[in-house]
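Q: Let me begin by handing over the structure; questions about it come next.
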Amino acid sequence: MKTIIVFLSLLVLATKFGDAKEGVNQEQKKEVTQNEFRVEYLNEMAAMSLLQQLEAIESALFEKEAGRNSRQKRCNGKNVPCGANHSPCCSGLSCEETFGYGWLYKSPYCVIPSNG
């Protein structure tokens, strides 16, 4: 019987002091969760800022690529039609009417300039 009374008194004391600690623990949990949400919010804001910076860099790179793709076409090589409707001849070649192709296709061709 003495043992049961001791265990019951310990149970009552543990219940009483356990509730007091539980209230303190709940306050600590609230503080921790509020701090975590603040940190998460700040981390999220930093991530959004970083994302905006990356998008700006990406758009700048795409503009450069678009500029590269829209460059003028390459020059025409030897025995290729040239003129107003065609690309210019490469360096070292001139756009001339030739006997071989010009009379048939009615357009000048890129040829090596004649010295004469």
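Placement of Cβ uses the backbone N, Cα and C atoms for every residue, glycine included.
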Q: Which residue in the list Cys75, Cys82 does Swiss-Prot annotate as forming a disulfide bond with Cys95?
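A: Disulfide mapping in Swiss-Prot sends Cys95 to Cys82.
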Q: Going by Swiss-Prot, tell me which one of Cys89, Cys90 is disulfide-bonded to Cys110.
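A: Out of the candidates Cys89, Cys90, the one Swiss-Prot links to Cys110 is Cys89.
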Q: Validating a neighbour-count step here. Other CB atoms within 10 A of the CB of Cys90 (disulfide bond): how many?
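A: I count 14 other Cβ atoms within 10 Å of it.
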Q: Given a separation of at least six residues and a C-beta threshold under 8 Å, show me what packs close to Cys95 (disulfide bond) in the same chain.
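A: The list for Cys95 (disulfide bond) reads Cys82, Gly83, Pro88, Cys89, Pro108, Tyr109, Cys110, given in order along the sequence.
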Q: Hey, which of the disulfide-bonded residues Cys75, Cys82, Cys89, Cys110 is the loneliest by Cβ count within 10 Å?
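A: So among Cys75, Cys82, Cys89, Cys110, the disulfide-bonded residues given, the one with the fewest Cβ atoms within 10 Å is Cys75.
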